[in-house]
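Novice: The following block contains the structure, expressed as C-alpha cells.
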Amino acid sequence: MASSKKSKTHKKKKEVKSPIDLPNSKKPTRALSEQPSASETQSVSNKSRKSKFGKRLNFILGAILGICGAFFFAVGDDNAVFDPATLDKFGNMLGSSDLFDDIKGYLSYNVFKDAPFTTDKPSQSPSGNEVQVGLDMYNEGYRSDHPVIMVPGVISSGLESWSFNNCSIPYFRKRLWGSWSMLKAMFLDKQCWLEHLMLDKKTGLDPKGIKLRAAQGFEAADFFITGYWIWSKVIENLAAIGYEPNNMLSASYDWRLSYANLEERDKYFSKLKMFIEYSNIVHKKKVVLISHSMGSQVTYYFFKWVEAEGYGNGGPTWVNDHIEAFINISGSLIGAPKTVAALLSGEMKDTAQLNQFSVYGLEKFFSRSERAMMVRTMGGVSSMLPKGGDVVWGNASWAPDDLNQTNFSNGAIIRYREDIDKDHDEFDIDDALQFLKNVTDDDFKVMLAKNYSHGLAWTEKEVLKNNEMPSKWINPLETSLPYAPDMKIYCVHGVGKPTERGYYYTNNPEGQPVIDSSVNDGTKVENGIVMDDGDGTLPILALGLVCNKVWQTKRFNPANTSITNYEIKHEPAAFDLRGGPRSAEHVDILGHSELNEIILKVSSGHGDSVPNRYISDIQEIINEINLDKPRN
C-alpha cells in the first residue's frame, strides 16, 4: 500500500535555516513519498530485457578500471587522462583485440577523466541533490537525537595493509581492498595481492607475515573507490540534521573473517559494545543501529553475543537498555543463493553473462578457480549461505515463491549435468550445500561446521537451547531476538529488479563445475542463471521472510518487539550508471531518498511515523511457508 503524499507543518523556506533560527521544540511531520501499487511491479523478468547495457557492466567496470589503473602507474604519468587514443594503447594487455573492443563499446573515457590516480582519498564535497532530503527535513524541524552506528555490508569496508614482508612494504597503510591501490596491486602484483586477501585455511585468520585490517572512520565505507559511493549519501544526510563524529560512528570490520574470528582477532564486538555504552552515558540516549546487507547478520549475531554469559556478559536486558532501534537495510539474514555460486565455482551473474572474449580475458587474468579458492578461505562470505532448508527455499517441484509458475520451480537451487548430452539433476538447497562440500577441501568443511548452522528450529524449547550455542547465533531461523520490548526494528529493501535465484551447472574440460551459460529460456533463465524478483542481489524471499513472518511469532520474537516493513520500488534512471536517486538496487538503495527519510526519522526520534508498505508478492510467498512442522 502506498503512503499518503508529503505534508508539512509550515510553509517551505527557500533557504536552510540555522539551528538558532529554527527552535528545536518544533514538531516535524513528513509523509514518505508515494509508490506505485503491487500491480505495477509485475513481470520482473520482462523488464530485464529493456537494456542489455547493464548485464555485464558491473563486472567489466571493475576489470577495465583496474587495467586503466595498472596502465597509468606503469607509464608513470601523474596527469594522464584516458582519452580514446590512450585507451587503445593498453588494449593489447587483454590478449584479445575483440575482447577490448567489446569492453570499450560500453565505456567512455569520460568515466576515468576525474579519477584521482595519485590519491586514495575521494572527493567528499556533497552536491545539493545528494543532501536535499536532509536539508528539507532540517527545515521541517528534524534534529539529531539518538546516537547512530552504521554497520556496513560484505566487501563494503576498506582493508589496508599493516604488513612488512617483502611484497607488502610498498602497500603499507594503503588499501588492498576498496581503493585505486587495490586495482594497482591486482594488476601489477596479483600474487602479492592474493596473498594478502586470502586467509589461512585452517585458522581463518591472517597467513604468516600478513596483516590486513579494516580501515577505520567514515572513510572506511563511504566510497568503495573514487566515484563509487556506498554510505556517503547516508552520512551526508545525517550530517544535514546535526550529526557529526561525536554522535555518529561507522563500525567497519574485516568482512572476510568469520564472526567468531572478528572477536578473537579484532575484538570487534567488544569495541562495539563499549562504544554503545559510552554513547548511552554521554548522550543519555539509546543508540540507533543502521546495518546493510551482511551487516544485518553481524548486528543480529552481536545481539546474541553481547548478552551471553562468557562472551559479552551484558545480561538479558542489555539490548533493551541500550538499543533504541535497528534499521535493517536489505539484510541477508537468511543468506543469498549467489553465495552458493561464488563458493562453488567463483562465478555469479555478472561473470556468466560475459561473452566468450570477455570470459577469455577474465580467465587469463583471474580464473574461476582462483576466485573460488580465495573466497573459500573467507569465513565471513560463507556466513551468507542460504538457511532454512527446503522448508524455506523449496525443492525440485515446489518453492514458496513459485506462485503462478506451473512448469518451473525455483526450489532447485542447482541444476547440474556432467556434460552437454545429459539431463540436469536438480538439487534443492540441502543437496546444493552437500554438493559444495563434495568439491571443497576438509578445511572448508570444518570451518562451516564450526561457525555456522543452516537449519530451522521447530519448537520454543529448541530455540532456547540454540540461544546458548554460538554456532547458531548467525541464524534467525534457529535462535530468537533478544527480549527487547522497547526496541523497534525497521526492515527496508528494494523490489522490482531481476535477481539470482538458481543456477544451471555443468563441468568444464578440467572436470570442474561451472555455470552452464548455454541455457536460456527467453523469460526466466538467462545464461544459466534463474532470475526472480528482488533487489539484484537478494531475492524477495530472502529479503522479506524474517521480518514479515519469522519475527512475527513468539518463538522467534519473545518480547513482541515492534517490526516495521517498508518496500521501495526499483525505478532506475535510463542513462545513469548507478540508476539515479530512485534506484533501489541492493547497494544503490543507500542513496534512495525514501530510505534516507526513514533513517532521519528514526534517528531523530520520529520512527513512529514510518508506515508498513508492501509492493511485492511477499505476503503471498510467506503464506506458502509453514514454520510449525516440516514438509512431507
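Residue positions begin at 1 at the first shown residue.
Glycine too: its Cβ is placed from the backbone N, Cα and C atoms.
Positions annotated as active site, acyl-ester intermediate by Swiss-Prot: Ser293. Swiss-Prot lists Asp535, His586 with the feature active site, charge relay system, giving similarity to another entry as the kind of evidence. Taken from Swiss-Prot, the feature substrate binding site covers Asp136, Met294, and the record attributes it to similarity to another entry. If you look up Swiss-Prot, you'll see 1-15 marked as compositional bias 'Basic residues'. The compositional bias 'Polar residues' annotation in Swiss-Prot covers 32-46. Marked as region 'Disordered' by Swiss-Prot: 1-47. Positions annotated as topological domain 'Cytoplasmic' by Swiss-Prot, on the basis of sequence analysis: 1-56. According to Swiss-Prot, the feature transmembrane segment maps to 57-77.
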Novice: To the nearest Å, how far is the Cα of Asp136 (substrate binding site) from the Cα of His586 (active site, charge relay system)?
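Specialist: One finds 25 Å between the Cα atoms of these residues.
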Novice: What does DSSP call Asp136 (substrate binding site) in the simple three-state scheme?
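Specialist: Looking at the DSSP assignment, Asp136 (substrate binding site) belongs to a helix.
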Novice: Please work out which residue of Asp136, Asp535 has the most C-beta neighbours within 10 angstroms of its C-beta, and give that one of the recorded positions.
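Specialist: By the 10 Å Cβ neighbour count, Asp535 comes out on top.
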Novice: With DSSP assignments reduced to helix, strand and coil, which class does Met294 (substrate binding site) get?
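Specialist: Its secondary structure by DSSP: helix.
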Novice: Round to the nearest Å and give the CA-to-CA distance linking Met294 (substrate binding site) with His586 (active site, charge relay system).
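Specialist: That comes out at 11 Å between the alpha carbons.
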Novice: Between His586 (active site, charge relay system) and Asp535 (active site, charge relay system), find the distance joining the two CA atoms and give it rounded to the nearest Å.
Specialist: 5
Novice: Should Asp535 (active site, charge relay system) be counted as helix, strand, or coil on the basis of DSSP?
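Specialist: Strand, per DSSP.
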Novice: Rounded to the nearest Å, what's the C-alpha distance separating Ser293 (active site, acyl-ester intermediate) and Asp535 (active site, charge relay system)? Just drop the number here, would you?
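Specialist: Approximately 11 Å lies between the Cα of Ser293 (active site, acyl-ester intermediate) and that of Asp535 (active site, charge relay system).
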Novice: Mean pLDDT for the topological domain 'Cytoplasmic' (1-56), rounded to an integer?
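Specialist: Looking only at the topological domain 'Cytoplasmic' (1-56), pLDDT averages out to 46.
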